[in-house]
Structures are given as structure tokens and as C-alpha cells.
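Annotated features in TrEMBL:
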type	residues	note
DOMAIN	15-370	domain 'tRNA-guanine(15) transglycosylase-like'
BINDING	Asp93, Ser94, Gly95, Gly96, Phe97, Asp147, Gln191, Gly218	substrate binding site
ACT_SITE	Asp93	active site, proton acceptor
REGION	249-255	region 'RNA binding'
ACT_SITE	Asp268	active site, nucleophile
REGION	273-277	region 'RNA binding'
BINDING	Cys306, Cys308, Cys311, His337	Zn(2+) binding site
Amino acid sequence: MNLPGTFTLGPGDGSARTGRLTTAHGEIETPVFMPVGTQGTVKSLCPDDLRTIGARIILGNTYHLYLRPGDELVAKMGGLHRFMAWDGPILTDSGGFQVFSLSGLRRITEEGVTFSSHIDGSKHLFSPEKVISIERNLGSDIMMVLDECVPYGADRAYTEKSLGLTTRWATRCRAAHAPLDRGQLLFGIVQGGFFKDLRAESARQLIDLAFEGYALGGLSVGESRAEMYDILYDATPLLPADKPRYLMGVGAPRDLLAGMAAGIDMFDCVLPTRNARNGTLFTFQGKVNIKRAEYREDDSPLEADCPCYACRTFSKAYLRHLYVARELLSYRLNTLHNLTFFSRFMAQARQAIREGRFEAFRTAMEAAYPETDA
Ligand SMILES: CC1(C)O[C@@H]2[C@@H](CO[C@@]3(CNc4nc5cc6c(=O)[nH]c(N)nc6cc5[nH]4)OC(C)(C)O[C@@H]23)O1
Ligand SMILES: [Zn+2]
């Protein structure tokens, strides 16, 4: 068994690559999509479901788990793996982004970010040291540094100033967590907004800190697809080729394809789980809006060759009925299907890369997911 942090590259196709990342809770084949389990659960699914649908690594959120139930409590319960009975790899985002996107009244200083809880308005400080302490308490296999996700539209001066702070915070995170301590990996997060030279500067500064992996932050924050891709293609090659590359918060099938083509190894997005709630289902033939009247008497499965419980057991008519009736089972079945699709999509992408036919796979999938449809 390799040491946690070992990242071995497999066959590639152009800039797209396959790989294998070793964590303290098992190996992950890349490229990989990580289902989001913000509060220690991938909404409506049990750990057995996650294994059945082929999920390998899931995401938790430092911000949410710190506020509720508390990282000290989770530690007392044996850590997040034992608490949620998930024995596979877990990545925790640092909370930087969630503070910016969720909490009110926040202030950024050299020390860290102070914010008021979106739950009860109580005041908190996230310093780099505090965030690392929380992630160590949670026991996540991959910890993200505390960073400032620069708001979309920030000017150059603000972006440049912010990236310096993000690097100083990353330095403090690295100092607070020695490489591979307790088998927990630490990833840096490249910022720099939509300025290519600032992205390069951020990447250069973080590479000097020798993280076990590198993420592109500050994307999927409201920019156009063209703006995201422009940075994606320019900044990804700047990240060390021998370390995992993680595109945060992405994304729709079309964006996963673009990310893989650029050389990204890891993705996360709320899309499959969030869309399960609004009846948008993903299939290899494109999106299906299950609430449409056309499915009212459709006795066929959502996707004939999908191995998920929803497709093996129920008709579109029933899935539509559950959605329209706002039944709880609707969310669970839709989530099982959507995450099974994302898992199969990534498995087919990995195979296409291994066999040197990724561009053909991308073209076929983009036909099912046209620009407007993501
Ligand atoms: C795509 C989709 C469906 O995902 C939804 C919604 C809006 O975008 C998302 C996803 N985008 C996203 N960008 C990120 C950037 C950072 C970052 O710079 N630093 C750190 N530490 N974590 C990050 C996490 C990120 N998530 O962000 C929230 C607000 C979490 O909801 C998600 O549209
Ligand atoms: Zn299915």
C-alpha cells in the first residue's frame, strides 16, 4: 500500500490524464467527481447507497460542521468517518468560500475572517490555524487551506492584494499541518481572479509551499463559461503535473469535459444532488425534466441501461408522480440516479482517456449537453 499522498499518473490523451491518488482511507482513480455531503451527509443517501452508486470520495464542509454539530463533538465521536459511517476518502473545503457565500457580516483581516453564523448570528473567527485545527478534528483525508475566494468582478488591485493574503494564509496553514501528518493531505488553492498573470503569480507562490495537491479556486462564481474556460486552460498547466489538480465547484457535464481536457483530476459540484430536488435528471442522452406532462403515462425506465435502483425498479410515470406530489422518495430516487450518472460519466471518461478517444467521447457528450443545457 502506497503512502497517503502518492499520486501515480496513468495513460493520458492530450492534456487529459488518468491517475491514482492514495489517501488514508483508500485509493481514488482520477479524474473523479466528488459528491457534496456538506453537513456530513450526501442528502438523502446512506453510506451503503454511496458505495452502491460508485462514489469513491465525498466532500464535507468545515464551515457547516464547525457551526453544527461542532468539530470538537465530531472529534469526540471518533471523527467524521466514524460519525457518518463512511469509510472512504473525505475532502473538506476550508470554509473560506462558504463564509463568503453564506454568512453575513464578515470582515477580512490579516488574522483571518470574522463572520456571523448563518444559523444563530453568533460571531466567529476563521484563522488559518483555526481552520486546520477544525479539519484535523474532522479527520478529513484531504484538507483545503483557508483562502479568500475573490468575488466575480473584483478589480485588479483588489485581486492582487487578496492573492497575497491567500498566500500568507496558505503559508500559515502549511506551518500548522506538517506534510502527511496523521495521513491527512493538505491542498493549496490558486486564486488571482480573471487576471492570467495574477493566476500565474498565485500558482508560483503556492508551488513553493509544496502542497500535496493544488486547486483552482475563484471559479464557478457567476462568470460566463467562456471566462471560466479562458482561465481554466491558461492556469491548469501551471499546476504541478505530478500532483492532483482540483477544480472547485465544477460542475455540469460540459464543464467536467472541459476540465478533463485541460488536465484537471478532481471535481465537486452540488448540481446532481441539488437538481435531484428540482426534478432535473441527467442521462447519457441529455437532461430529463421529470415533471413534464409527457412522462405522465410513460411506463419506461428513466434510462434503460442505468444500473441504479430508480431505473431498475420504477417508471418515469412513477418518478414524475413522486415529484409532483412532493414525496420524500422523489428526492432519494432522483439523487440515486443523478449520482449514478455522474459516476458512470466519469468512469466512461477515464476509459476514453486510457484508450486515446477522449475527444470523441467529449464530442458525443457535448451533443447530449449543448452549450445552453450545460
Ligand atoms: C455550479 C453550481 C451549480 O454550484 C453551485 C452554484 C454556484 O457555485 C457554487 C460552486 N462554485 C464554487 N466555486 C468555488 C470556489 C471556491 C474557492 O475559491 N475556495 C474555496 N475554499 N472553495 C470554493 C468552492 C467553490 N464552489 O458555489 C456555491 C455558492 C457553493 O454553490 C455552488 O452553481
Ligand atoms: Zn438510473
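The backbone N, Cα and C atoms fix where each Cβ goes, glycine too.
Where the annotation comes from TrEMBL, it is an automatic prediction and has not been curated.
Local packing around the binding-site residues Gly95, Gly96, Gly218 was summarised as the count of other Cβ atoms within 10 Å of each Cβ; on this measure the leading residue is Gly218. Each residue in Pro301, Leu302, Glu303, Pro307, Tyr309, Ala310, Arg312, Leu336, Thr340, Phe341 lies on the same chain as Cys306, Cys308, Cys311, His337 and has a C-beta within 8 Å of the C-beta centroid of that Zn(2+) site, without being one of the site residues. Of all the recorded positions in the list Asp268, Cys306, Cys308, Cys311, His337, the shortest Cα-Cα distance to Ser94 (substrate binding site) is found for Asp268. Counting only same-chain residues at least 6 apart in sequence, those with a Cβ under 8 Å from the Cβ of Asp268 (active site, nucleophile) are Phe33, Met34, Pro35, Val36, Leu59, Leu91, Tyr246, Met248, Gly249, Val250. Close to ligand 1, meaning a Cβ under 6 Å from one of its atoms, are these of the recorded positions Ser94, Asp147, Asp268, Cys306: Ser94, Asp147. Cα of Gln191 (substrate binding site) to Cα of His337 (Zn(2+) binding site): a distance of 34 Å.
Those same-chain residues not listed among Asp93, Ser94, Gly95, Gly96, Phe97, Asp147, Gln191, Gly218 yet with C-beta within 8 angstroms of the centroid of the substrate site C-beta atoms are Phe100, Met144, Val145, Leu146, Glu148, Cys149, Ile189, Gly217, Met248. As a summary of secondary structure, the region 'RNA binding' (249-255) carries 3 helix, 0 strand, 4 coil according to DSSP. Checking the binding-site residues Gly95, Phe97, Cys306, Cys308, Cys311, His337 against ligand 2 with a 6 Å cutoff on the Cβ atom leaves Cys306, Cys308, Cys311, His337, in sequence order.
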